[in-house]
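*Asks:* Starting off with a structure, shown below.
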Amino acid sequence: MEEQRSGTFDEELAALAADLRRLRIERGNPSYRDLVTRAVRSGAGIQLSPATQSDAFNGRRLVRVDTLMGLVRILHAYDEYGEERTVPAHNAPELADWRRRWRALAELQSVGTARARTAAVTAQEVPEPRKAPDAPETPTAPAPPAAPARPPAEQPAGPAPYTFAFRLAGHDQAVRDVAFSPDGRYLASADRTTVRLWETATGERAGLPRPGTAPVAFTADGLLLTVDATVRSVVHRFDPAESSAASPLAGPGPRVRAMACDAEGAELATLDAEGAVHLWDLLSGHLHFTPGEGRFTTARFTHDGRLLAVDTGARVWDLSEERPVGQTLHEPESAVAVTALSPGGGVLALGRRDGTIALREGRRERPLAGHAQAVTALAFSPDGTLLAGAAADGTVRFWDTATGRPVGSLLGDHGADVNAVAFSADGRMFATASGDRTVLLYTRAFTGGDTPLAARALAVALRMRRAVQLPPVTAGRPLVRTAFSPDGWSIAATTGDLSVRLWDPVSRSPRWPRLAEPSVLPWGLAFSPDGALLATASGDRSVCLHDAASGAVLREIRTRHSGALKRLAFSPDGQLLATGSTDTTARLWDPHTGKGVGQALRGHGNEVVGICFSPDGRLLATSGADGGVRLWDPRTQQQLRAPFDGHRGTVWAVSFAPDGRVLATAGADATVRLWDPVRGVQLGAPLSGHASAVHELAFSPDGQLLASAGEDGVALLWDPVTGERVGSALTGHEGAVGGLAFSPDGSLLATAGRDGTLRRWIIATV
């Protein structure tokens, strides 16, 4: 395969597509149908539709990384004569360069999208409402009707987030739905028989009305989606600037009552009147599949591409995997009127028939000061910081999702119930649709204040559970392990050139000179609990104990291992130091005297590569290249129970949760597994998300996050209670990540990479 060139996104996507076509020819040039069949028969869970293959081979769009990897794996399942052979594993070496190129393309695409969005926002600045002509149906900007006299149940926080701009009149019956185009230029509204388009900058109509009914939606590339007014299971696609429609999507079930598009513009999810969700390929117009058999009320795509849905019992489901998300509470079907999912999918908003509203995260629920009448519509702002709720009395209210407090005064500008609410993609506009046959358009109010824009942007990112990367520390040589000192004063990392480095984690300045004498093996690194000592593994199989403040070697422990040291760990009280070695044993030492404690811990059939103490010091966990995880009593050096077997291949890391109730393990099989150390049983399904071996694990100090990193060059965050991913993957390293550590206060996560960089991430508190 050709080396990646540094070009534009389109150029690099075309080069990737050309290399895919070349690989296909080299593998006997199998047809699209052959590849689909081979993927199904592989049993590897690879799904390849002909439309998706066409997009990938022709460079029409950047397909998802799992799709690209699946396609490359299936192509490699043929030899040069077109004869079938074994499908390579997901971490096979021949996939590494494809994965690297996908990451580079994704980064180029995100940069381009951000620039385009900024340009679009600048070009579409909403002007002051201009005086409309006297025609009765042209929009004007009069003072809105007075809001109802009923005061809010709780004192609002701050001024109203949106101000009235236009009343859009033209429908001759109740308006059922509204949707903004991705660039914010258009607003679509729909009643039972007609769909209208409006220019958001002027409030004027854009073109003639179209036949159709609610719901309405836009694709990522700006196509308008409407439902046929007669055959309500059919979805039509229009270019807003043209009147002709593309071929319709003919649904298999009853009428469509909700639609959601993914961020790539490749897929459409429709929800029918019986609660079934159907997934469509927008490019081919073909129905992908109908996931699940439950009755759903809401469906949406999250930022990371998952398709989530809410059933009639207010339970959230991941329809991509057809399973419930986390442990959710059941809600009586008769109580809930409407639901909405946050952009990241982590928060569910419930609007009840009694007018109350609640925000639910897993099994935690926060009530909000609600409406006096039944809730009719809910929507989250694009950044997830606001929730808008509408009621049958025609009022709309906003809440701060972080505090649960109302924001600003009620909007009471409609003369009837509000059927739908919507935010524009940039959050600068807000629209409501009502039974009074009008649509109201609002624009974002500038609140000013003393908070700098950068601080507000950071707060929003953290509130959305997005880790924010700080400038990296550049070491100039591959990094392997990393650790924070217990007081957070320094961060250490071992290097591939047999040295150890320390930096100030805030300023990135070196704490003391690079230490290379004696030579430091890169796999062992640990601070003592009091922060006075830094232990490193030496090439002569000894452990060096450094003064953490100066770097001076205070003493050496001459171990009795016959192989290289792979891991080091201090006990919580600092009285023991554990070592794991390639000689298949683990040993315990007194760090104050350098003497061995008890006998060697024997049982592994191959080298010991992972080691850690439980928080109370009563257990020692080891893992090895034999695929087993063992628990020991440090006082007696006796193994406590049979090994934990679940991983395939080496188990590279072990880590106890801060409360000691969970033991996490990371394996060469690209999974993270959670175990009950007392009962010796696995907790839930393996955590899957990495593309290759997982090298390192770390729990946050409060135990609410588990971080993992590995050969694929990314770090992932998990909720250890539910097993769900938290936020997006942390990318940026070019090569494997071997080191991972949370700061003592949990606000920073450090990742050490083979690319010679130590990256720091600001982490949101859960």
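From the backbone N, Cα and C atoms, a Cβ is placed for every residue, glycine too.
Not my notes, these are from TrEMBL:
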type	residues	note
REGION	116-161	region 'Disordered'
COMPBIAS	139-154	compositional bias 'Pro residues'
REPEAT	168-208	repeat 'WD'
REPEAT	368-409	repeat 'WD'
REPEAT	411-442	repeat 'WD'
REPEAT	558-599	repeat 'WD'
REPEAT	601-642	repeat 'WD'
REPEAT	644-676	repeat 'WD'
REPEAT	687-728	repeat 'WD'
REPEAT	730-766	repeat 'WD'
*Asks:* Cβ pairs under 8 Å only, please: of the recorded stretches 168-208, 368-409, 558-599, 601-642, 644-676, which one is richest in them relative to the repeat 'WD' (687-728)?
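*Replies:* Most Cβ pairs under 8 Å with the repeat 'WD' (687-728) come from 644-676.
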*Asks:* Between the repeat 'WD' (411-442) and the repeat 'WD' (168-208), do 3 or more CB pairs sit under 8 angstroms, pairs being 6 or more residues apart?
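*Replies:* In this chain the repeat 'WD' (168-208) contacts the repeat 'WD' (411-442) - 3 or more Cβ pairs sit under 8 Å.
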*Asks:* Report, as numbers and ranges, which residues of the same chain sit near the repeat 'WD' (644-676): CB under 8 Å and 6 or more residues beyond its ends.
*Replies:* 90-91, 606, 609-616, 619, 621-625, 627-631, 682-684, 686-688, 690-699, 701-703, 706, 708, 710, 712, 718, 720, 723
